[in-house]
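So the structure is just underneath, and the comments pick up after that.
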Amino acid sequence: MNAHAQACAVTSSSPDGVLRERGQREVFCGLTGIVWLHRKIQDAFFLVVGSRTCAHLIQSAAGVMIFAEPRFATAIMEERDLAGLVDANDELDRIVAQLLARRPDIKLLFLVGSCPSEVIKLDLSRAALRLSQRFSPGVRVLNYSGSGIETTFTQGEDACLAALVPVLPSADRNARPSLLVVGALADVVEDQFKRTFAALGIDNVAFLPPRRSSELPAIGPETRVLLAQPFLGDTARALEERGCRRISAPFPLGGEGTALWLAAAADAFGVSRAHVERTLAPLKARAEKALARYRAQLAGKRVFLFPDSQIEIPLARFLAREIGMELVEVGTPYLHRDHLAAELPMLPAGTLLSEGQDVERQLDRCREARPDLVVCGLGLANPLEAEGLTTKWSIELIFTPIQGFEQAGDLAELFARPLLRQTRLAV
Amino acid sequence: MQLSVWTYEGPPHIGAMRIATAMRDVHYVLHAPQGDTYADLLFTMIERRDRRPPVTYTTFQARDLGGDTADLLQSAARAAYERFQPQAMLVGASCTAELIQDDPGGLAQALRLPIPVIPLELPAYQRKENWGASETFYRIVRALAASSADGSPRHERKAGARPVCNLLGPTALGFRHRDDLAEVTRQVVELGIEINVVAPWNATPADLARLPQADFNIVLYPEIALTAAQWLNRQFGQPYTKTIPIGVGATRDFIREVAGLAGVDAEPVLSRAESRLPWYSRSVDSTYLTGKRVFIFGDATHAVAAARVATQELGFEVVGLGTYAREFAREIREAAALYGIEPLITDDYLQVEARVSELRPELVLGTQMERHIAKRLGIPCAVISSPTHVQDFPARYSPQMGFEGANVLFDTWVHPLMMGLEEHLLGMFREDHEFADHAPSHLGAAPAAPPQQPQLRVVETVTSTELAWASDAERELTKIPFFVRGKARRNTERFARERNVNLITLETLYDAKAHFGR
């Protein structure tokens with residue numbers, strides 16, 4: 001073990017108590033974001049410029065769940081593309097033309113960079129510019145990177161949204177203040193939030209990404225940005241560069257988190273505390289009622305979170321404060337201190353946070369701690385179950401509507417179900 | 001570049017993982033960026049394996065590309081050796097690592113670990129998963145079997161000793177490999193033949209070193225094991241089997257071939273052998289299977305075998321036959337020639353889709369991809385080949401090979417179809433409102449509903465714009481069961497066009513029917 005530690009892992013426990021590790025990372029790359037983004041933006045298509053591995057990854061992570069024709073595909077690079085026998089740009093143009101001829105309903109095309117396209121330095125931004133001109137005005141072509149050497153899982157969404165920011169129209173100079181909610185949410189959750197914002201008196205609300213590429217929200221100095229997801233560092237920076245101002249808030253997970261998130265927005269729009277309280281109290285009470293049942297099942301149970309999507313910290317805050325679970329370790333691929341500034345102080349004192357990963361050592365810690373519930377990726381779940389641990393797939397937390405008051409109970413239920421199942425089974 | 005919506009095969013390192021994961025006491029160190037670890041879920045989720053694949057990924061990131069990716073590989077290999085203590089180590093690169101040219105094999109060998117370190121060169125931009133599995137198995141067999149036997153000819157069997165064979169081919173994530181292996185093992189044991197080593201399934205490197213001790217090899221999946229079997233043949237003079245025991249006839253041929261190689265009598269086993277398929281196929285209810293038009297697509301081994309079973313054992317008509325495996329195109333071309341049809345050799349899902357919609361078969365035997373296509377076109381379908389899906393790893397015993405496998409084929413291919421009497425009743429009483437096109441059906445949800453393709457330009461046979469249908473003829477067409485309606489429409493239109501008829505009337509419809517037959 002010691003020899004192993006010396007040989008491989010780079011571990012440091014910094015003064016802030018965060019365990020930083022650098023070893024094998026058992027995480028998806030940013031391409032995986034295409035799985036939900038291609039459904040969210042209904043007239044967008046995602047063309048990965050990559051290898052067979054990229055195509056296989058997206059298909060394996062999502063393919064079996066999709067029954068309609070997907071709005072994503074891969075331009076698979078082959079030997080002759082690499083050997084310079086053909087001009088990769090000509091090839092790409094040919095494929096895009098083929099694709100757009102087949103799918104005339106596509107209005108927005110993302111060229112998505114991958115590990116191989118990054119390594120051979122294929123310039124997709126120039127390709128996007130060239131193709132945009134060629135297919136304008138019918139189709140707009142943008143690019144971003146979802147490569148594993150640069151992005152982890154949900155960072156793919158960040159890169160995609162950041163690529164959208166430069167093409168958002170500018171708001172009129174004397175536009176009234178607007179709220180931009182950033183981060184892909186389920187349609188039903190968006191609609192709920194829209195109603196609640198209206199009840200609070202904020203009616204100039206837009207969402208990024210929009211459901212259709214023709215509905216790109218206008219932004220400007222009067223735009224206040226409210227992040228719905230904690231993994232949007234680049235997008236937030238790009239919006240700030242366009243003059244938008246970010247509202248710092250916890251994330252809308254659970255009754256408490258949602259109330260604080262909405263209240264922060266209301267505060268920025270000068271809504272009176274009393275009105276906020278009056279509007280949110282009944283909603284929060286309903287969420288608490290939904291949570292009570294699960295709290296009874298889950299309070300005191302020990303949970304271990306492997307790094308996956310960067311929502312681990314808000315999630316841990318919810319599990320600890322609203323459900324009463326005990327946090328054994330909270331892993332996250334990256335700790336974005338700035339965006340989590342409102343979250344971190346809400347975690348119980350002494351919570352073990354880990355950033356980065358050395359999966360073997362983390363598994364050692366997990367086995368030793370024997371938590372009641374392990375939140376982890378699909379590659380680890382069944383093997384841990386076979387070892388007698390109970391697991392919850394983390395990917396479900398990204399593919400399920402969990403934000404907002406009305407979903408607080410659903411979110412808790414995701415954690416309760418594996419434990420409930422254990423008590424039911426007698427085989 | 002190739003535009004790909006779905007891929008039939010993963011990259012070649014996935015093939016290497018299938019070999020490593022099938023084996024015991026082997027570890028695979030893969031130079032790969034973060035994200036490539038997705039491959040673990042293929043084994044833990046799709047196949048429901050209870051252990052992680054024995055793979056360590058270096059998961060390098062952009063910041064590592066400056067220079068220390070080679071160190072990363074060496075430290076990962078050393079750590080993997082210390083933690084897992086394997087008997088042998090495979091070392092290779094995924095597509096991205098191939099581009100940075102670190103020579104993972106050389107770097108790992110330089111560590112001088114006290115175990116065999118087998119470098120894998122799997123060109124990710126030229127080759128695919130099955131080739132990767134085949135090459136990996138060959139490399140590992142070559143490295144481990146050669147070292148033990150020094151290239152000496154195979155051992156001489158003592159007089160009176162039982163014949164001995166190896167079973168080669170079953171891997172992790174293989175289509176029904178687990179159950180095929182059980183079925184074939186039973187058959188071989190019944191012939192009085194001893195099994196020396198099964199590989200790669202559950203084999204250790206030490207087991208592979210014993211491969212030369214067998215008299216011959218049984219190759220279950222040529223896609224995986226043919227290259228290794230050919231090498232064993234050259235090196236140790238071990239002959240190998242060429243028949244794939246899928247279907248009753250092929251299983252009987254296989255038993256004879258194995259018995260011949262072993263020098264035992266096949267007849268006692270053949271005379272005892274029983275499959276229900278022949279009787280089920282001859283029973284009167286199966287009359288309705290006669291001439292059902294079937295489209296077959298898969299890996300070459302399963303596709304060729306399916307075509308034989310479909311024609312000889314179920315009485316279907318094969319209207320399309322193809323494979324995504326270019327390495328085995330020859331086998332498919334030969335088989336297609338037998339049925340007088342055009343082979344389809346492509347790994348482009350869109351081409352397969354176009355061919356299926358053009359041929360309008362009554363049954364599709366394919367992979368999970370063709371299941372998608374068939375579902376959209378409202379055609380019954382059964383899965384016969386990789387790529388696999390969680391449903392292809394059933395809890396029950398469900399081989400494709402051997403006599404029990406033939407029973408499984410009968411059930412899984414026939415059940416998606418309408419039963420004989422049902423079909424007749426539907427044909428006779430079309431106007432019963434419960435027989436309407438959208439009534440509940442055995443084929444699942446709304447089989448006749450037009451495929452919901454969002455403004456897709458579907459490749460279809462272009463019909464002449466001149467051609468029109470009289471309203472009574474059009475109405476009559478709806479009385480024809482939906483599963484043959486497309487064919488009736490196309491035949492009628494062809495008939496009309498050939499005769500320069502511009503308006504299709506009731507008479508044209510029935511003239512065409514008489515002309516073409518069923």
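One-based numbering along the chain as shown.
Just so it is clear, glycine is given a Cβ too, placed from its N, Cα and C backbone atoms.
Among the features that Swiss-Prot reports, [4Fe-4S] cluster binding site is placed at A:Cys29, A:Cys54, A:Cys115.
All features noted in Swiss-Prot, drawn onto the structure.
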| residue | record | DSSP class |
| --- | --- | --- |
| A:Cys29 | [4Fe-4S] cluster binding site | strand |
| A:Cys54 | [4Fe-4S] cluster binding site | helix |
| A:Cys115 | [4Fe-4S] cluster binding site | helix |
Using Cβ atoms only, which residues of the same chain lie under 8 Å from A:Cys115 ([4Fe-4S] cluster binding site) while being at least 6 residues apart in sequence?
A:Cys29, A:Gly50, A:Ser51, A:Cys54, A:Ser147, A:Gly148, A:Ile149
Most crowded position, judged by CB atoms within 10 A, among A:Cys29, A:Cys54 as binding-site residues:
A:Cys54
